[in-house]
Amino acid sequence: MNKVILYCRPGFEKECAAEITDKAARYNVYGFVRVKDNSGYVVFECYQHEDADRLIKELPFQELVFARQMMVCGELLRDLPPEDRITPIVGMLTGVLERAGELRVEVPDTNESKELMKFCRKFTVPLRAALRENRILLAQEKASRPVIHVLFIAPGCCYVGYSYSNNNSPFYMGIPRLKFPADAPSRSTLKLEEAFHVFVPADEWDERLGSGMFAVDLGACPGGWTYQLVKRSMMVHAVDNGMMAPSLMDTGQVIHHQADGFRFEPPRNNIYWLVCDMVEKPAKVTNRMADWLVNGWCREVIFNLKLPMKKRYEEVTQNLALLAQRLEENGINFEIHAKHLYHDREEITVHARRIWGAIPGRRDER
């Protein structure tokens, strides 16, 4: 198996291809990319046979911005016989994988492929049984073992492969299944909820998303992102010249500042989270987020960058480099991650965290 498949949002195949080519080269892995517009996936074919497995082990999945999932696979299985689709799939995995912990029969995130979803659900049951019988799949799901992926791109045509559970997306099709809350002021609320799932490990939610924290939401109206903070029992400074949803103001947890989000400064030095979903040039937003982190006005930020129509990958890399440069110049320890979330459209979501600790010449404890 010498191919790496990456799932992505339809329409962003070129950005996904540019990113995997760039980042694979950093690990001395070289190959070529097969891209089909609006297909929802990209195939990176490695020149060296063993490089595909090495790449999905060594390239941290969380460093990929445009990929929803990353797996190794072999050649496309075409024209699977309707009377026996299982045998070729089992044959593809025999001798390659043993004792996998989970099976996912998936499709790309396109309207055409979604017509195959019903078939995939039904097909999973007999395929799972056959894989267990051949000892390719464990009798019980095990989160620490590799995941088998069967990606149907058309009726009777699929890629078969695997990912490592410690370096993949834990979600089916790479998409968190979130339900829109009926009382939320706008659908944008799902962007921040998804960001929390992607950027903050579940076992750290109590510490980093706990009740009683203070947060700032720049460009808050009508309150989609503020809603997520309020739901987690935080106190929120909502900054926007527009009006906030009365339902949020009635909670008593929101202070509304009718001000410019790019000029607002926190009234007290007790802010943990800064979130921002303002429509503005990416560099302007990035610099303002850097200001907050450099000045110690917050510990963690989540913000959106609206992308141009062309050279979107270049725009992303430039802004992430700008943010890192600003923090490095000020001697700050930090983590930065970015993702093109399922609920993002022509934008990406960035998370940056200031690592507070003992730095010579500074007092970083609070």
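The backbone N, Cα and C atoms fix where each Cβ goes, and this holds for glycine too.
What Swiss-Prot says about this protein:
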BINDING   Ser188, Cys221, Pro222, Gly223, Gly224, Asp240, Asp260, Asp277  S-adenosyl-L-methionine binding site
ACT_SITE  Lys306  active site, proton acceptor
Residue pair Asp277 (S-adenosyl-L-methionine binding site), the residue listed as 'active site, proton acceptor' - Cα distance, angstrom, rounded: 9
Winner by Cβ contact number (other Cβ atoms within 10 Å) across the binding-site residues Pro222, Gly224: Gly224
List of residues, in chain order, with Cβ under 8 A from that of Cys221 (S-adenosyl-L-methionine binding site) and at least 6 apart: Ala238, Asp240, Asn241, Gly242, Met243, Met244
Span of the S-adenosyl-L-methionine site, taken as the largest CA to CA distance across Ser188, Cys221, Pro222, Gly223, Gly224, Asp240, Asp260, Asp277 (Å, rounded to a whole number): 20
Residue with minimal Cβ packing [other Cβ atoms within 10 Å] among the binding-site residues Asp240, Asp260, Asp277: Asp260
Secondary structure at the residue listed as 'active site, proton acceptor', reduced by DSSP to three states: strand
Under 8 Å by Cβ from Lys306 (active site, proton acceptor), same chain, sequence gap 6 or more: Val279, Glu280, Lys281, Pro282, Glu346, Glu347
Binding-site residues (Ser188, Gly223), the one with most neighbouring Cβ atoms at 10 Å: Gly223
